[in-house]
Amino acid sequence: MEVLQASSLSFQLLRRHSRNNLINKFRNPSLPRIHMPRQNIDLKTFAAITPTVACPPSEPEIIPEKKEDKFEWYENWYPVASVCDLDKRRPHGRKVIGIDVVVWWDRKENAWKVFDDTCPHRLAPLSEGRIDQWGRLQCVYHGWCFDGAGACKFIPQAPHHGPPVETSKKACVKGVYPSCVRNGIVWFWPNSDPKYKDIFLTKKPHYIPELDDPSFTCTMTTREVPYGYEILAENLMDPSHVPYAHYGILELEKVKESAKRDREGGHELEIRVGKIDVNGFSAKQVSADYYFVPPYLYYGRITPNTATKAIDVTLPVVPEEKTAMIIFYCIPVRPGYSRLIFAGARNFAVQVDRFVPRWITHMSHNLIFDSDLFLLHVEERKLKDLDWHKSCYIPTKADGQVVAFRRWLNKYGGTQVDWRNNFTPALPPTPSREQLFDRYWSHTAECSSCSVACKRLNALEIGLQAMSLVFVAMAAAVSAPATRYSMVAMAVLSFLASKWLSRFIHKTFYNHGYDHAFI
């Protein structure tokens, strides 16, 4: 499992064909740098091990397991949503590690709250409700209202002079989860037991200083994908798939074709993986350092310098003595589905993001997601009932991080996400390609930038169609041939522009699809 540098999203943002036009190519945003204390880590060149290899290559060292060294999936913070995509005027529904939650802004406490997405009355989803005029979360099924602590404050159907039924514990929201905001992301602790009420004081979500550093620029993207957490994580850690699965999307260094080198430029990768323990692992690739902090975080810091002589086409181009960060928050949603929050930060070309709308950047991000989406969806189903280590042939060092992640998952994570018997082992059936490549519900509807852009461009499309009709009417009303021809030409141009815009809107915000054969 290769680290973040190989991640498709990261490449799309940072990769430039040449360093001189890095700023001009705004659609490929870059990444910032993470402050990590230097550690004396014993790094070993990682080689994957499979039963079919005659001479097993060297393996990363796994720290001997202690009795308590088992990863606890429900004793960690989980990212729910990026703050930039949340609207304080309404509640938002999300599913994280199988738990349906509602995120809403409590204006009395000036804080984001995370509740179980269930009204105690008739179990309707609170995320379909609203924030009332007093700042309470209101269930729109029967109007019950709740404060930031989950206490019921109003039951419209209760007699005004009768017993205060809203004060009953049964009227309170059953799950009020600890929550916080860190690095521009709302987090929650997936256990509503009162003993975890102040868990933030003793255990905090992993912090990346560069995401809050004003000298860095950062762009965030969120996308839900139709494959599970395990497949998502290993794909992000796999740099060698980038020149192939994302061919024609990312601008990679050009390589000279030869008998042993194809047009895509794939080549041998030297990846060194450090010790693996319950807290994850680190890895090194040329001028990039990567870190896996389970269960959700995988990030890399790319810091080239004049001493770096090796060229790696799987790494984004970063100016010398500058830093780029690629940060991935991998969120298990339910079996067969996961969510990714990607943050790309950098301390160069900072002004670009101030002039380029976020939805423009998301166009290329979503195209990267689409380009390997079907591959990963099918791969997950083929691996479902197989032993990964015995079924996959992994003879090269390029898959070092992928193997390291699988070893961590088997050794400490129980081989898969702990769903607590909330789901059956079976994966959901494969939907149609149209549904698989859906962008609207997996991204646009929940993205503050893309949703607004979609509405405005739809309005522009309608405006162009109306203009076409107006020009036709004007052409019929005038008698001068030259003026009539001009009106007809304008009507045709307006109609063609509306058709082009309609196709652009559909491919950008609703459904794009992908066919590798003709790229």
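Heads up, the Cβ atoms here are built off N, Cα and C, so glycines get one too.
Note that the structure is a prediction, hence the values are computed from the model and not measured.
Annotated transit peptide per Swiss-Prot: 1-46, in sequence order.
Per Swiss-Prot, the feature domain 'Rieske' maps to 77-188.
Sequence-distant contacts of HIS142 ([2Fe-2S] cluster binding site), defined by Cβ-Cβ distance under 8 angstroms and a gap of at least six in the same chain, are CYS119, HIS121, ARG122, ALA124, PRO156, GLN157. Taken from Swiss-Prot, the feature [2Fe-2S] cluster binding site applies to CYS119, HIS121, CYS139, HIS142.
Summarising the annotation, Swiss-Prot assigns site 'Plays a role in the stabilization of the metal coordination' to ASN235 and lists similarity to another entry as the type of evidence.
Over all protein chains present, the Cβ of HIS241 (Fe cation binding site) has 22 other Cβ atoms lying within 10 Å. Taken from Swiss-Prot, the feature Fe cation binding site covers HIS241, HIS246.
Per DSSP, the secondary structure of the motif 'Redox-active motif' (447-450) breaks down as 3 helix, 0 strand, 1 coil. What Swiss-Prot lists as motif 'Redox-active motif' is 447-450, and the listing cites similarity to another entry.
If you look at the transmembrane segment (462-478), the same-chain residues 6 or more away from its ends with a CB under 8 A from one of its CBs are 484, 487-488, 490-492, 494-495, 497-498, 501. What Swiss-Prot records for 462-478 (among others) is transmembrane segment, and it gives sequence analysis as the kind of evidence.
Annotated transmembrane segment per Swiss-Prot: 485-501 (among others), in sequence order. Beyond the transmembrane segment (485-501), the same-chain residues lying 6 or more positions past its ends with a Cβ under 8 Å from any Cβ of the stretch are 457, 460-461, 464-465, 467-469, 471-472, 474-475, 478.
DSSP assignment over the domain 'Rieske' (77-188) gives 12 helix, 43 strand, 57 coil. Listed in chain order, the residues near the [2Fe-2S] cluster site other than CYS119, HIS121, CYS139, HIS142 are PRO120, ARG122, ALA124, LEU126, TYR141, GLY143, TRP144, each with its Cβ within 8 Å of the site Cβ centroid. Distance from the CA of CYS139 ([2Fe-2S] cluster binding site) to the CA of HIS241 (Fe cation binding site) is 46 Å.
In sequence order, CYS119, HIS121, ALA124, LEU126, GLY129, CYS145, PHE146 are the residues of the chain that are 6 or more apart from CYS139 ([2Fe-2S] cluster binding site) and have a CB within less than 8 Å of its CB. Across the residues of the motif 'Redox-active motif' (447-450), the predicted structure has a mean pLDDT of 97.
According to its DSSP assignment, HIS246 (Fe cation binding site) is coil.
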